[in-house]
Amino acid sequence: MAATITDDIVATVLESIEEKSYEDEKEKAGMIKDEANQFFKDQVYDVAADLYSVAIEIHPTAVLYGNRAQAYLKKELYGSALEDADNAIAIDPSYVKGFYRRATANMALGRFKKALTDYQAVVKVCPNDKDARAKFDECSKIVRRQKFEAAISTDHDKKTVAETLDINAMAIEDSYDGPRLEDKITKEFVLQLIKTFKNQQKLHKKYAFKMLLEFYNYVKSLPTMVEITVPTGKKFTICGDVHGQFYDLCNIFEINGYPSETNPYLFNGDFVDRGSFSVETIFTMIGFKLLYPNHFFMSRGNHESDVMNKMYGFEGEVKAKYTQQMCDMFTETFCWLPLCHLINEKIFVCHGGLFKEDGVTLEDIRKTDRNRQPPDEGIMCDLLWSDPQPINGRSPSKRGVGCQFGPDVTSKWCETNGIEYVVRSHEVKPEGYEMHHNGQCFTVFSAPNYCDQMNNKGAFITITGDNLTPRFTPFDAVPHPKLPPMAYANSLFGFN
């Protein structure tokens with residue numbers, strides 16, 4: 001496998017350390033740790049994690065495992081973070097940060113009871129630690145709320161938010177001078193909406209709820225796997241994660257044209273979270289979906305879920321810009337988003353990837369019940385969370401959910417289901433895209449300079465109905481207002 005930029009940086013750092021003097025392996029590991037700490041501070045998490053790994057091989061300590069766990073958390077590799085936190089605690093049961101790291105990883109995976117157990121351990125050891133007490137109290141609230149929600153979920157007479165909305169009762173203030181949605185969505189309305197968002201102004205709550213309710217009712221009618229036909233000679237565009245980077249979304253349209261009946265798009269999940277313009281992003285997409293329902297497609301990602309939205313900013317942003325009721329409405333709506341798309345019966349598009357088990361067919365996918373929060377295993381979980389790996393076979397996911405699947409898995413699945421290749425997203429790539437598995441799997445990621453720190457390009461894929469060979473267009477990030485990523489995220493648990 002070709003060396004990456006990360007590999008080159010790590011090699012350079014290690015060469016410089018070899019040129020220095022050190023008394024023993026313990027001191028050498030400490031020097032590598034110091035270098036890794038600096039890369040972590042500079043938010044270069046790939047290099048930091050690799051350097052911590054080298055130091056661990058030389059002289060493993062609880063601190064090294066704890067530090068690498070933190071780097072993995074930043075990379076959203078929650079499974080690896082859990083494993084490192086366990087190792088840190090095994091080496092030193094009094095290492096409090098090990099419990100913190102494990103709790104944070106479990107929080108990200110929605111395993112709140114396990115997280116609460118670790119926060120209890122920290123509070124017991126550090127009873128006067130205000131931060132530990134705050135985390136314990138907040139996690140306790142979440143566990144209590146989950147118990148309450150589980151209890152009322154058995155109430156079949158409970159109405160959805162959509163059923164309780166009274167949009168007509170929402171008054172429009174005389175001072176409101178933004179877009180007005182009187183009847184059906186029009187192209188003029190959507191373009192005015194984008195202009196309003198670019199000027200950092202809001203759509204009125206009444207119109208926002210009206211759009212969201214219409215979108216909710218529409219996506220409920222869709223199948224779990226949507227089938228798309230691209231006619232001969234016609235272009236079709238596939239985009240990956242956008243993650244609330246509204247101004248980069250607008251740049252895609254500047255480069256590739258606005259969505260229309262002659263310029264259709266598919267956005268492959270993770271519309272929201274992390275980027276602090278997720279509200280603007282999702283309402284722009286909803287606008288185009290309602291305007292061009294048969295030419296603008298949206299697939300669910302792992303971040304279109306309740307747990308992720310609570311941790312990574314979307315819930316906080318919606319509450320700040322609108323209301324808790326709208327958060328709840330989005331939660332209900334996201335559960336009805338399709339899980340995947342099939343283009344011309346040959347291109348399979350999903351957010352994450354393929355499956356832990358052999359034998360999954362397109363018909364199995366069609367029959368999958370998607371109206372729920374993502375489970376920890378099964379077809380729906382794998383579609384949202386899995387990643388390709390370069391070696392044959394399958395491996396446990398470093399994310400802690402889903403699996404890693406090799407080229408043999410992809411080849412067999414494509415042959416079984418008559419698929420030419422798989423398009424998925426879910427992972428940052430330096431050029432915005434990457435080919436895997438001998439051209440039978442492609443990653444596309446459309447959030448350039450992800451979180452204002454990764455320096456990656458974004459990309460999108462174009463095909464035509466008579467030429468399904470993917471063509472990639474990389475693009476750079478564009479400026480945005482001075483609101484940092486994760487501005488609305490749950491800072492209490494380290495998710496910002």
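For all residues, glycine too, the Cβ spot is worked out from N, Cα and C.
Remember, it's a predicted structure, so these values are computed and weren't measured experimentally.
If you look up Swiss-Prot, you'll see 29-62 marked as repeat 'TPR 1', on the strength of sequence analysis. Taken from Swiss-Prot, the feature region 'Catalytic' applies to 184-496, supported by a curator's inference. Feature annotation from Swiss-Prot assigns Mn(2+) 1 binding site to Asp241, His243, Asp270. Here Swiss-Prot flags His243, Arg274, Asn302, His303, Arg399, His426 as substrate binding site, drawing on similarity to another entry. What Swiss-Prot records for His303 is active site, proton donor/acceptor, and it gives similarity to another entry as the kind of evidence.
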Measuring CB to CB from His303 (substrate binding site), give everything in the same chain under 8 Å that is also at least six residues away in sequence.
His243, Gly269, Asp270, Phe271, Val272, Asp273, Arg274, Asn309, Tyr312, Phe314
Give the three-state DSSP assignment (helix, strand or coil) for Asn302 (substrate binding site).
coil
At the level of the C-alpha atoms, what whole-angstrom distance separates His426 (substrate binding site) and Asp241 (Mn(2+) 1 binding site)?
7
Extent of the substrate binding site in Å [max Cα distance among His243, Arg274, Asn302, His303, Arg399, His426]:
18
Those residues of the chain, 6+ apart, with a Cβ under 8 Å from that of Arg399 (substrate binding site):
Glu76, Leu77, Tyr78, Gly79, Trp385, Asp387
Between the Cα atoms of Asn302 (substrate binding site) and Asp241 (Mn(2+) 1 binding site), what distance do you get, rounded to the nearest Å?
10
For the recorded Mn(2+) 1 site, whose residues are Asp241, His243, Asp270, find every other residue on that chain with a C-beta no more than 8 angstroms from the centre of their C-beta atoms, and list them by sequence position.
Gly240, Val242, Gly244, Gly269, Phe271, Val272, Asp273, Arg274, Gly275, Gly301, His303, Ser425, Phe445, Ser446, Ala447
For His243 (Mn(2+) 1 binding site), list the number of other Cβ atoms lying within 10 Å of its Cβ atom.
28
For Asp241 (Mn(2+) 1 binding site): DSSP state (helix, strand, coil):
strand
Tell me, by DSSP, whether His426 (substrate binding site) is helix, strand or coil?
coil
On the three-state reduction of DSSP, what should I expect for Arg399 (substrate binding site)?
coil
Quick one: which residues besides His243, Arg274, Asn302, His303, Arg399, His426 have a Cβ within 8 Å of the substrate site's Cβ centroid, in sequence order?
Glu76, Asp241, Gly269, Asp270, Asp273, Gly301, Met308, Tyr312
